Amino acid sequence: MTTFVDRVTLHVEAGKGGHGVASVHREKFKPLGGPDGGNGGHGGDVVLVVDPQVTTLLDYHRSPHRRATNGAPGAGDEKNGANGVDLVLPVPEGTVVTNSRGDVLVDLVGADARFVVATGGRGGLGNRALASRRRKAPGFALLGEPGEATDVVLELKSLADVALIGFPSAGKSSLVSVLSAAKPKIADYPFTTLVPNLGVVTAGDMRYTVADVPGLIPGASEGRGLGLEFLRHVERCSVLVHVIDCATLEPGRDPMTDLDVIEEELSAYVADETLGGLPLSERTRIVVLNKADVPEARELAEMVKPDLQERGIEVFIVSAVAHQGLKELTFAMARHVVEARQNIESDVTPQRAVLRPKAVDDSGFVVRRETTSEGEVFRVIGAKVTRWVHQTDFANNEAIGYLSDRLNRAGVEDELTKAGAVAGSTVLIGPEDNAVVFDWEPTLVGGAELLGGRGQDQRLDENTRRTTSERREEFYARKDAQSAAREELRDERESGHWVDE
Ligand SMILES: Nc1nc2c(ncn2[C@@H]2O[C@H](COP(=O)(O)OP(=O)(O)OP(=O)(O)O)[C@@H](O)[C@H]2O)c(=O)[nH]1
Ligand SMILES: [Mg+2]
């Protein structure tokens, strides 16, 4: 049986980029050659793709954590690492993707419509690719970037192609059970069905989905019975099939009255505009007169059929229990589904991307001055500068030097000065919750000795290495290590092979 799942939270993680490698070409009987470290491969993306064969979000309900594969690291001899494989997740037509704040990211309409929910991290460059005329033999490589990780909510806008609607106990669940492989609960008391059951029906080479929605009663549009929730389900189906119980002995009930009562509820229902379908009253409907295996019921059905046809409605006399009249019904529903799908396709542009999760301009950055419990800090925010930080191997001084150089060339230093940062100010770069902490030592205002030729400073020898976590500790401790850190950063900046391109 197809359990009904129309909303899931999906946790996705794209693949990490592979690290670049720093390596030097070696050959027997030859002197050391140039840098030959290859680049890391890119991490795989996580991609949602509309697949007409998929009708529910059930798979994601069962396993909501999905990851794409990582890129492989580069190797010596100019070998690049393999890219990670994209993880393609099939979703039903009409899946709406929202982020955790509730913003709609995309409305996936049309077969093969696709959306990248999480982008794989870029592979790091190897030292071969980092070599330039000025930096002939880089002793470092860039790290692969982390893959994007995010939570999204998938929601099915369309529940099914066909909704079976009608009074409780009219035989809706019975019908879906004989038309499809679904096996919903069937019983002779009202409101047996509390959440829709979905069934996939095959008619010739056509497949479509049928939803058996809970029973409607007068006043449902005002919330009576299980009320509005049902109508909301009905609203997400393009073809409406009235299932009418011709064997009921309840006073005041007969096929024509039942139909009118349900129609009244449909027209009183206020449509949810976000679903974007036709108003309920304008959707195709079919009438199914059920329980024709009961002689009195068949008689009654035959009697009202012409009246209904006069209203321009297609009518089928069936028995769910005795399997009568079902074939004609499935083909008629198929016909209407094809029509309805064509209407939908003609008035929506496939894959309406509402908002990209990416920053608009990822080359820019801003500097924000913040006061924290640890004192004043300057935060550098921007996709590109964050990426540079991710790519940096903080155990390698040359790599750190390369980072400071990139930051300076992007104008980070100027902006820090403008924002009021001075020598020794604390600067944070990177994601809010995992920023890398720097003690800032401006190159231009730091003193005459800093303007001298790069790579010729005697303090090169005093160099001491520190790890990222040590840096962080110091930030939080805010101890007197400040001046030592300043020294060190200056040394790092000068120890690298610098580029100015
Ligand atoms: N004789 C006869 N009984 C039927 C037929 N179809 C359904 N029934 C009976 O009608 C009762 C209600 O059937 P369900 O399929 O549960 O009805 P439903 O419309 O899904 O009801 P709710 O879920 O309560 O809204 C059950 O006892 C069924 O066996 C039919 O074709 N002939
Ligand atoms: Mg039912």
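Note: Cβ is positioned from N, Cα and C throughout, glycine not excepted.
In TrEMBL, annotation is done automatically, which means it is predicted and not curated.
Copied from TrEMBL, the annotated features are:
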type	residues	note
DOMAIN	2-159	domain 'Obg'
DOMAIN	160-338	domain 'OBG-type G'
BINDING	166-173, 191-195, 212-215, 290-293, 319-321	GTP binding site
BINDING	SER173, THR193	Mg(2+) binding site
DOMAIN	357-442	domain 'OCT'
REGION	451-501	region 'Disordered'
COMPBIAS	456-501	compositional bias 'Basic and acidic residues'
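Overlay of TrEMBL feature records on the structure.
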{"residue": "GLY166", "record": "GTP binding site", "DSSP (3 states)": "coil"}
{"residue": "LYS172", "record": "GTP binding site", "DSSP (3 states)": "helix"}
{"residue": "THR192", "record": "GTP binding site", "DSSP (3 states)": "coil"}
{"residue": "PRO214", "record": "GTP binding site", "DSSP (3 states)": "coil"}
{"residue": "LYS291", "record": "GTP binding site", "DSSP (3 states)": "coil"}
{"residue": "SER319", "record": "GTP binding site", "DSSP (3 states)": "strand"}
Around the Cβ of SER173 (Mg(2+) binding site), other Cβ atoms within 10 Å, all chains included, total 25
Whole-number Å value for how far GLY166 (GTP binding site) lies from SER173 (Mg(2+) binding site) (Cα to Cα) = 11
Is any of GLY166, VAL195, LYS291 (binding-site residues) within Cβ reach of ligand 2, i.e. under 6 A, and which?
-> none
So LYS172 (GTP binding site), by the Cβ count within 10 Å over all chains shown, scores 34
Can you tell me how the residues of the domain 'OCT' (357-442) break down into helix, strand and coil by DSSP?
-> 32 helix, 22 strand, 32 coil
How big is the Cα-to-Cα gap, in Å, between LYS172 (GTP binding site) and THR193 (Mg(2+) binding site)?
-> 9
On the domain 'OCT' (357-442), the mean of the pLDDT values is 84
